[in-house]
Amino acid sequence: MASHQPSSLPLLLLTVLALLISPAQSLTCTSQTFTNNALYAHCLDLTQLTAYLHWTHDQANSSLSIAFIATPANSGGWVAWAINPTATGMKGSQTLLAFLSDGVMTVKTYNISSIGPITESKLSFEVWDLRAEQSGGVMRIFAKVKVPENAVTVNQVWQVGSSVTGGVPEAHAMQAANLNSKSTLNFNGGQTETPGGDSRTKKKNIHGVLNVVSWGILFPMGAIIARYLRTFESAAPAWFYLHVFCQISAYAIGVAGWGTGLKLGSESRGIQFTGHRNIGIALFCLATVQIFALFLRPKKDHKYRFYWNVYHHALGYAILVLGILNIFKGYDILLPAKKWKSAYIIVIIVLGAIALLLEAITWIVVLRRKSSKSTKPYDGFNNGEGRQ
Ligand SMILES: *[C@@H]1O[C@H](CO)[C@@H](O)[C@H](O)[C@H]1NC(C)=O
Ligand SMILES: *[C@@H]1O[C@H](CO)[C@@H](O)[C@H](O)[C@H]1NC(C)=O
């Protein structure tokens, strides 16, 4: 059983990465123009659902002229933009909703007071010049609305749905993006995200940081140390202690992160991120078994050592892949600012590059060693493990 087959670790990291990087969304509101040459003072790439808002605030008239652009979840679906004068979420939203009705774009207003079927109604403020259009699957709502005098911000909510039945828009999906599609619109430009609450946001951030550091960074580092440093005779036994130190720290931090995740899950009513949760639980179990591997390790020349090696490595790679996968699932749930996901992708690329480089170097070292002592083949697993 040769451990030095070209590849596994760097390839693994790169494959996981390739699967996770979604195609970049290059379209931004600044490149969008309107058929009627309408010009707006500001525009925003909204934080969710690939939607855009263009607007001009007329302070003298206390009015807001908007163009909302989004793609319905399905070709027979709908798009909506709302101001919520009383709260930050959907409940209380004064909504402009557009859909295709017999081939004609229709836009209606809804006062949404609760979850459930909605009926057309007047809004709590004046709306005029209301119209909608669509082209290439993208829908646009144009409107002018009255806003409170001297207001500088409003709570906005937007949404996309997949179907309309008999002129009534059907409920939208309940994915994270559908639930987080709200922000505070600042008339002078910009938006501020409005999540569920400050303490909860803080908890989510702690959960994210702990898990990224543990499963996402320390754990792969420990694996790289174990796989590559032991090739260098001078690195024994240091590599072994470094590996153990990395993985035990990763485990301790990971368990803390896991705990915060369970707490968040139990507090999140109505929404369950089953995949993320199950992978999290699997990770905790695998990592716990892996920690026990340390105590169950047979002596180097024991006949069961080979099986121990197989088990330890298989578990290690499984944790590596699942850990990184779950971090990206977590990013998609918490949706932090893009820079955090980008930063982590860079970390993974750097770790992958280091692994690739070390893979090449260790191959050279191993091949040289083989050719100089052709009678004693290199044994990847048992070389210099701490108690030579
Ligand atoms: C000012 O607001 C009123 C509605 O309150 C509207 O009818 C009018 O067109 C607005 N004027 C401008 C210049 O937008
Ligand atoms: C919107 O609905 C709520 C709850 O049913 C009601 O209290 C409110 O007066 C309605 N607003 C308008 C403008 O009809």
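Placement of Cβ uses the backbone N, Cα and C atoms for every residue, glycine included.
Predicted automatically and left uncurated, TrEMBL annotations should be read as such.
Annotation source TrEMBL lists heme b binding site at His207, His243, His276, His312. According to TrEMBL, the feature compositional bias 'Polar residues' maps to 183-194. For 49-161, the entry in TrEMBL reads domain 'DOMON'. Annotation comment: TrEMBL describes 168-367 as domain 'Cytochrome b561'. What TrEMBL records for 183-202 is region 'Disordered'. Residues or ranges marked as signal peptide by TrEMBL: 1-26. Residues or ranges marked as transmembrane segment in TrEMBL: 208-226, 238-259, 279-296, 308-328, 343-366.
This view paints the features noted in TrEMBL onto the structure.
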| residue | record | contacts (Cβ under 8 Å, 6+ apart) |
| --- | --- | --- |
| His207 | heme b binding site | Gly257, Thr260, Gly261, Leu264, Gly330 |
| His243 | heme b binding site | Gly222, Ile225, Ala226, Leu229 |
| His276 | heme b binding site | Asn326, Lys329, Gly330, Ile333 |
| His312 | heme b binding site | Gln290, Ala293, Arg297 |
What parts of the chain pack near the transmembrane segment (279-296), using Cβ distances under 8 Å and only residues at least 6 beyond its ends?
215, 244, 247-248, 250-251, 254-255, 258, 261-262, 308, 311-312, 315-316, 318-319, 322-323, 325-326, 329
Selected stretch (most C-beta pairs under 8 A with the transmembrane segment (343-366)) from 208-226, 238-259, 308-328:
208-226
In the same chain, residues at least 6 away from the ends of the transmembrane segment (208-226) whose Cβ sits under 8 Å of its Cβ atoms read 9, 13, 239-240, 242-243, 246-247, 249-251, 253-254, 256-258, 260-261, 283, 316-317, 319-320, 323-324, 326-327, 330-331, 334, 336, 340, 344, 347-348, 351, 354-355, 358
Intrachain residues whose Cβ lies under 8 Å of the compositional bias 'Polar residues' (183-194), provided they are six or more past its termini:
42, 44, 46-47, 53, 55, 57, 59, 64, 88, 147, 151-156
Residues of the domain 'DOMON' (49-161) by DSSP state, where helix covers H, G and I:
0 helix, 68 strand, 45 coil
Would you mind pulling the longest C-alpha to C-alpha span across His207, His243, His276, His312, which the record has binding heme b, in angstrom?
27
Look up His207 (heme b binding site) in the DSSP assignment and reduce it to helix, strand or coil.
helix
Does DSSP give His276 (heme b binding site) helix, strand or coil?
helix
What counts of helix, strand and coil residues does DSSP assign across the compositional bias 'Polar residues' (183-194)?
0 helix, 7 strand, 5 coil
